[in-house]
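To keep things clear, I will list the structure first and then write my remarks on it.
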């Protein structure tokens, strides 16, 4: 046996590997158990010094890895046949296996490529997929790229290239980096959301949503043609109101389309169409949006910083109304909550979804508007609806607050200030500019400043500063603040509209204010303010000198904690009382709540409101309809055209896809800080594309295309379906194929989805919510078999790394930082501060996987990332630690291959009882670890077994009965070296198609047992005894143990109690 086989285990960087050539061995070579002949094609070359010629190092690893990756690609090793269709070849071989569908959250193809943190989840899913294949499952594991969107377009603009060019290049680079990891994907199914053949079906799904409406009685989406049929038959009214069955539709939109409430037969063509459009799941509406003129587009809330600026470019963002495409996700709010019970997700992710949807039960209360005497504003008959979860506190309401963007504001505002209106109510408190200047001045001058009495008097005397001027100025001020800023606990700002409403409880008049702490996207965009019992209302009432009556009496403890005299009026309280106290007597003719519990008081008040026609029981959701328009180029074009009346029509299926036109200048029209002008999408500049002649059934006509594009979310809502059938040109997915992979045999109808979906927790809300919404629409319309897209969700952790900041607080490249002898860190000689953070380009602490491939090989990187900690936990990256994983693979290599000759070094020796027990115990444990996604402990068990082999057999050949199962168990984690060793052991088929070993519990049973020995109640040592040993045997072993003499020396042994197989108790005197 060559002395080179068991030499030192140093990594490549600890020696001069560049001075030696390394033989590799042929992939299909077979050696005799004696290892007398090197594999065919292997050439052992002279190393330097004692260095063996066949050491497993980075160069040998790279050769093995590339060779096996080519073979996998050539043989289609990881192709997963469908039951039917163009990808069905080979299905007969796997037809008896249970299908299992694994997905990764597909990446955005960044221009900077991958760092070692990106593949963490991809490696984990690959390990699991390989284990399942070896365990007899038919596994589908595809991959793709989420390539549309603002980041890709902005990167193209910054680099002066077309986004198609940069996106394709980025995908190619990412594909190269991932392929070096040896991920077992079915590459025939690779998709990118920017592929025309892909977004053709994204557009088709949008049309299904556009041509559907939500029937609240049926509790599902139905084709829009069925709604029209009901209108024509007279079984459903086209007028707004509860009787019309429009509870899942905006009543305001229906009322606007049919303001007089005429029956269907009396409506003209345009009005009929507008009524129908108001019911669609995809509709156009004026929405309050985050308008970023610097980027020329609308932004999602997640793309706006806390300071009210764009995350990309740091441009100012304004809140303003724009006509946008919107998807009616709110119709599915209840189902999106209820169906969380169908999925195997963590409780924390489910709660995040529930919180975002935000269901709450309460009451809808109507407040009748009472215009001031002599005012032309606030038309008679107007009502403001408020949603509240605390109708029991209505008696304490002293004012109403509307969001500045509330749709009723313009109709409410009075022409003149009511007599006696305080100056502080007339924003901007005594500093009113002329009406035309209001928007400009307000945002700069009105930051809730203290105003003197003289200024207030001057404001009251300024005839130009009318309620409408003040409201205009305040709305301009609020438009410059983000939702986050508006919700902060700061000095309250607001403006009086000049209008009042009547409180249904007690009949008192309540002034109506606008204030930015009320958001139009929550509830009805209007609140009844009960300042004694709500902190925000309390601070507003204090700021505007409004009454603060109490409805609930605090207990004695609250008074004591707040140092307030018991019974003191709320005006003397330091803050609102938000607890549950005793109800105080209310005005005559109002609900009697004294002595009731909170739930009973709420029920009593709701019944009282319903009886009087002032309100009703209601459920509200925090969830808002999904804003779906972007004024950018790099996105899916809408398959929509408009006629001369502005009515939208879906492009016929045969005209799909609507392709993005080529543009040389695709940049949006940037408008600096212009928050007034309407956006001009880039596609609107392509005149011959934006205007098109079509025959939509009534002869050729000229139509105008929709020139907005879809958001980046669109392509990721359904990619789990396209993976199943990516080459299908007739359907987005074949029905048989979809049911094979997603339906669960024997499960309830609609129960199914992707078996395992792995990705980061940052997508725990919106991506998952939007994908669930699209899935449910497709399910309702009969296009898919499962209600939920993802049956099981697993969130992997992040890889963190040291990051460094200089004296300016700016991050510097971590790779350029040096550590001094005294432990300090410097960058080009200047001291820097170290901190830990998520690896990424923003912290300049990325480590490229290309570097790790070159230094150690892909298998080493795979093993290290899985060994760092539990897959769902964050873990720190330390490049120096990866050498441990490399040494493990070196020991594995030496367990099979002689490093000196390159020949197989295994024997036909039978395993003794100990080796058998160790092997089967490892197999059983490892199978459980793989199945439970506990890959870090799987690595630990494999290291233990490999170390056992090294210690047990030393320079001797490893028994084949131990070497082969060891290689099989390593294969999911380190597939390249496993393939090489498996082939050298004489197997021609890929190790990926071999069966995972099966452990025998009987053979894994311990022949010895460790039992504790207690002395006077404390464990002092342990005793190894034969399994099943009787008391006399244990007593003999006990007295012979050296610790027994030490513990009992010079002491009287009162009693020795032996419980065989369990414990020994010694009582000393």
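Cβ coordinates are placed from backbone N, Cα and C, and glycine is handled just like the others.
Looking at the stretches 813-817, 818-822, 838-842, 843-847, the one that Swiss-Prot records under the feature motif ''KMSKS' region' is 838-842. Given the ranges 727-750, 751-774, 775-798, 823-846, the record in Swiss-Prot names 823-846 as region 'Disordered'. Swiss-Prot lists motif ''HIGH' region' for one of the ranges 71-82, 83-94, 95-106, 107-118, namely 107-118. Long-range neighbours of residue 841 (ATP binding site) (same chain, six or more residues apart, CB within less than 8 Å of its CB): 110, 112, 115. A Cβ distance under 8 Å defines the sequence-distant neighbours of the motif ''KMSKS' region' (838-842), meaning residues of its chain 6+ beyond its ends; these are 110, 112, 115-117, 798-801, 811, 874, 877. Note: the motif ''HIGH' region' (107-118) comprises 0 helix, 0 strand, 12 coil (DSSP; helix = H, G, I, strand = E, B). Note on the region 'Disordered' (823-846): DSSP counts are 3 helix, 11 strand, 10 coil.
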